[in-house]
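What TrEMBL says about this one:
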- 26-47: transmembrane segment (TRANSMEM)
- 53-72: transmembrane segment (TRANSMEM)
- 93-117: transmembrane segment (TRANSMEM)
- 129-146: transmembrane segment (TRANSMEM)
- 229-250: transmembrane segment (TRANSMEM)
- 271-295: transmembrane segment (TRANSMEM)
- 311-333: transmembrane segment (TRANSMEM)
- 354-379: transmembrane segment (TRANSMEM)
- 467-496: region 'Disordered' (REGION)
- 467-479: compositional bias 'Basic and acidic residues' (COMPBIAS)
- 482-496: compositional bias 'Low complexity' (COMPBIAS)
- 506-528: transmembrane segment (TRANSMEM)
- 540-561: transmembrane segment (TRANSMEM)
Amino acid sequence: MEKAAGSPCVGGSYPQKNAEILSSQYGINLFLAGLLLTFAWAVHAVGISKSHLLSYLITLMLIQLLWMLWYLCRSCTQRRLIRDKDTHAGARWLKCGITLFAVITLILDSFKIGYYIDFSNCLSPTEGIFPVTHAVHTILQVYFLWCHAKDIIQSFKTLERFGVIHSVFTNLLLWTNGVLTESKHQLNEHKERLITLGFGNITIVLDDHAPQCNCTTTTLCSIFSQGIYYLYPFNIEYHILASTMLYVLWKNIGRKVEHHQQHKTPFKFHGITVGMIFGLVVLTSTIAIVVVYLIQIGRSKIKSELALTMFYLHAIFVLALMCTAGIVALLIYRLEDRSLDNSKNPARKLDAELLVGTAAGSWLLSWGSILAIICAQAHPKYTWYNLPYSVLVIVEKYIQNLFIIESIHREQEKMNDNIKTLRIVTISRGNTLSLTPSYEEIYNGRAAPDSGEVPCQFKGSVCGRENDGGGGAKEETSQDKSSVTHSASDFSFSSRNSVTNNKRRILKNIAAFLFLCNLSLWIPPAFGCRPEYDNGLEEIVFGFEPWIIVVNLAMPFSIFYRMHSAASLFEVNCKT
């Protein structure tokens, strides 16, 4: 299909393919340069300071700001033109989600500005310029995504490819910077927790790049320095969501779309009460577990072990419920005979790839924990709960990924395509009646408005007769047979319709339950409840530094997986 569509304009498609390749290579090199700068700052490379990294990021954000302003101005001058839109990209709920994260990111920037003012004597000017630039960048980018996330760009395509891919990798670098900063803050706390668990042989000294001067206002400094790290999870999610939305925009440049009606699927609470109740119970209990965990962990050896045991038991129970719900949903899909939608869709393809790709982060950590339990010489009691927990993490993601990917590829049922309205007909006696058939009659193919026949109303008292005399007995017999046929057919339809509705209701409740469960499982690692750090067994087997590197690389993907799964399940609930 694609080859046939592109054959008339082979000369025009070749330079566009080159532009796509060149722009992607430009973005990758941009990202690698920033990644090396970030790594050099993290390991205290000679001649590389934090100001160099921030200057690079500020430059990238300023370039993106210029491109977005140019695009917005050009769009404003061409607002009367009819443009193609990708109806699957930039859903309203996704825009609302990124707006929420952006608002919290702006609060984070304000905290950074206050932090810089208090420590201005010993911080470089870039640490004050960065949050200001980032705040402006955030505001304009959210506005840009709200207005143009669905655009399919057909003009200045080469230039736009470079502008969009620059924006994608700028957000990825800002995400990387946020992940690294938040991780460095957590490391010293985790080291102290390990010591309370009896792992006193860990002697590595960690540095969090604290300012080397006194704060002008001690109370405010404490508020700013502590508050910043509680807001980083939202900043991290904001940038990864922005980069995915911009990537879809980049993939849509120059794309040819078929114009068809897109059915809106709004979210409705009706029919998902059971799933919402169970999901809210899981969410509430998870928040309580996280609060208790953060209070107890590191206080003493007994309290730390109890906190870890409590976390593992709760997680095992939740993951087992999620596996069961996912299996039930897949069994329902096996009982249905509905075709899959295999049409080209960049947003849907990216969703599926992100689910599998980011799940690898959790799988890496889980296999590391399983190997540590097998290879360790000593096993504290609480570490044994880590084994079923790690196995369930792997299995649950297998099942959930299969359910979500199949759900977003299933075609929606078309309920009203065969519904027709019959004309008002005149019966031989001269009475004019509206003989519009019921939905059941139309659905089963019994209404034939164009054949000249007048159908009898089901469960009605009026029926058209060809003559008034001599055929009364035959007509009554005919009516009785017709009534029996209609009753059997209507009963069959009602039964099928009831089964279909029940299946759909179960699927919607499962999607709602899994949606809230994924939000619940996003909270612990996002806010510092990370047994992969605090367990201690993995550090003994693999070594402190190697395991910390593995966790710092894999944990961001694991956190993003839960948020992305929640977003995908929300879409599944709307679509079901």
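Glycine too: its Cβ is placed from the backbone N, Cα and C atoms.
Most Cβ pairs under 8 Å to the transmembrane segment (540-561), among the stretches 53-72, 93-117, 229-250, belong to 229-250. Only pairs six or more apart in sequence are counted, and the transmembrane segment (53-72) with the transmembrane segment (311-333) gives fewer than three Cβ pairs under 8 Å, not enough to call it a contact. With a cut-off of 8 Å on Cβ pairs spaced 6 or more residues apart, the transmembrane segment (229-250) and the transmembrane segment (129-146) reach 3 or more such pairs and are scored as touching. Counting Cβ pairs closer than 8 Å to the transmembrane segment (311-333), the top stretch among 93-117, 129-146, 271-295, 354-379 is 271-295.
Tertiary proximity for the transmembrane segment (93-117) is limited to same-chain residues at least six positions away from its ends with a CB under 8 Å from its CB atoms, namely 123, 127-128, 130-132, 134-135, 138-139, 141-142, 145-146, 149, 216, 220-221, 224-225, 227-228, 231-232, 234-235, 237-238, 241-242, 245, 267, 567, 570-571, 574.
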